[in-house]
Amino acid sequence: MCGIFAVLGCADCSQAQRARVLACSRRLKHRGPDWSGVYQHEGNFLAQQRLAVVSPLSGDQPLFNEDRTVVVVANGEIYNHKKIRKQFTGKHVFTSGSDCEVIIPLYEEYGENFVDMLDGVFAFVLYDTRNKTFMAARDAIGVNPLYIGWGGDGSVWFASEMKALNEDCVRFEIFPPGHLYSSAAAGFRRWYNPAWFLEQVPATPYDPLVLRAAFEKAVVKRLMTDVPFGVLLSGGLDSSLVASVTKRHLVETEAAKKFGTELHSFVVGLEGSPDLKAAREVADYLGTIHHEFHFTVQDGIDAIEEVIYHDETYDVTTIRASTPMFLMARKIKSLGVKMVLSGEGSDELLGGYLYFHFAPNKEEFHKETCRKVKALHQYDCLRANKATSAWGLEVRVPFLDKEFIDVAMGMDPEWKMYDKSLGRIEKWVMRKAFDDEEHPYLPKHILYRQKEQFSDGVGYSWIDGLKAFTEQQVTDEMMNNAAKLYPYNTPVNKEAYYYRMIFERLFPQDSARETVPWGPSIACSTPAAIEWVEQWKASNDPSGRFISSHDAATDHAGTGAHANGNGVAALANGHGPTNGAVNGGEVAVANGHGAANGTEVAVAIAV
């Protein structure tokens, strides 16, 4: 994971402006501590901070074509770069082993109509000195971050994180995933146009072997690395499958020849937390050398301001889940690890969040998965990328592979739906696909284990500690005036207010606060899903741990194990997986969207 920064069409081409560009680029040095580079052509500047994962001895950026008339800076992993290189044998002279260098010959061959030929995740800016045009593009789902801004002189700015441009642009915004920006066309256009994007309900039958093969291929292609790597492991379904597939196929890869096939697993949590136990069990089964990282509530509280600075958000669940991940990433990087695989995206693609139990029909179920996947760049992808990039650690997400997405989103959604009479629980299609009696990937009790919300899985007292701390920091009078001080996305509780105070101090611009999504949510839902159940409109606590059992959610009877005093079971907001479902007649709902995912709790590395 690298940091890119570019200013195009700047009226000022002086040394002073070049120095300012360098200063802005250095704000991204945490993303790429290995090298930095800058290019200037008149009033056009392109800079990069590099994290060297592929071809670390070459591939420093910016990258150029043979006569240096085309220049590119990129933050990406292009998994089909070797295939593309073969396509241009004899046509293009490659000067590095960088996977991102293939962007240049593709542009020269196809103009701007090549982005969908890239298999991977990326954010890049390309400048053509011959016609003084430029283009920028972001990967399909928005795994890699990118922002766009506009200067007062008409210049266009790009950066991996908004902290590099927020002080210099009159306005800025998130660069939309699956789009490219063309100076020639003076605007955006969508390059990623999958069938599912129109939210039409597919009819392809579920084929477990096709789903399994697509996922295994997605994992294996992400083992492209020239540095020690890892797999995040919480003991839940998603991370356990990533770890299991990695372990099974590692011996076949080039990475194994460099680093061997032994895996070391790592987990973070408070003493006695659920994830420590679950990760240990999976690690023992897979045969990894297991290490635990512990943190205290005070450690987390002390890190919150840094987390908000790096995540660039004030979303409550994102911050809760990012903090342990942020602490863990530093430990992992200290061991010499630069890249890890993670399990983001599974719940969005497969309807794994427990509120999906209440989808009234398969049409609504499918539309909600579409909405969830489209929003990933503002939640789970943002958290996983920025919380780890803060320490120069790269995260790769096989569930968000384009081919796997096509398979997962292309099947008849009825197969994904919870159906107790047929023995189908959430994500049954994935569990069934890897339920191999002859060559098991995981023991059945792990394969069918329910997972914790990440911020809860690291230890329940983490959330309680945060609430108690922020309760002391924010007075009732402050809350009474919240709407006056923060009329946009007004904080709904003291914890949200505390995070907002820090965010506003770090990023006081209107454009900055507008990059953070907001709105009502239940147990990670989009606002649209709240219409499924009339009672989903009341609470403001985004933790998922107050939800009771799976069966209770579909039985709609009894009293929730964690119901509130009136028998109202609370469902959390945000994007974190929950650890139960609702069995009462009423459901309490939290506002806002979180970004927790129970997969990012531990890491297995090949060394």
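Glycine residues also receive a Cβ, built from the backbone N, Cα and C atoms like all the rest.
What TrEMBL annotates here:
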ACT_SITE  Cys2  active site, for GATase activity
BINDING   Asp99  L-glutamine binding site
BINDING   Leu232, Val268, Ser342, Gly343  ATP binding site
DOMAIN    2-186  domain 'Glutamine amidotransferase type-2'
SITE      Glu344  site 'Important for beta-aspartyl-AMP intermediate formation'
Looking only at the recorded positions Cys2, Asp99, Glu344, Val268 (ATP binding site) has its closest CA neighbour at Glu344
Among Leu232, Val268, Ser342, Gly343, which the record lists as binding ATP, the farthest-apart pair of C-alpha atoms sits at a distance in angstrom of 16
If you rank the recorded positions Asp99, Glu344 by how many other Cβ atoms lie within 10 Å of their Cβ, the lowest count goes to Asp99
Cys2 (active site, for GATase activity) sits from Gly343 (ATP binding site) (Cα to Cα, rounded, in Å) at a distance of 21
Candidates Cys2, Asp99, Glu344 (recorded positions); nearest Cα to Leu232 (ATP binding site) turns out to be Glu344
Ser342 (ATP binding site), Cβ-centred 10 Å count of other Cβ atoms over all protein chains shown, is 30
Ordered by sequence, the long-range same-chain Cβ contacts of Cys2 (active site, for GATase activity) under 8 Å (at least 6 apart) are Arg31, Gly32, Gln48, Gln49, Arg50, Leu51, Gln61, Ala74, Asn75, Ser160
Ranked by how many other Cβ atoms lie within 10 Å of their Cβ, the binding-site residues Leu232, Val268 are led by Leu232
Ser342 (ATP binding site) to the residue listed as 'L-glutamine binding site', Cα to Cα, whole Å, comes out at 21
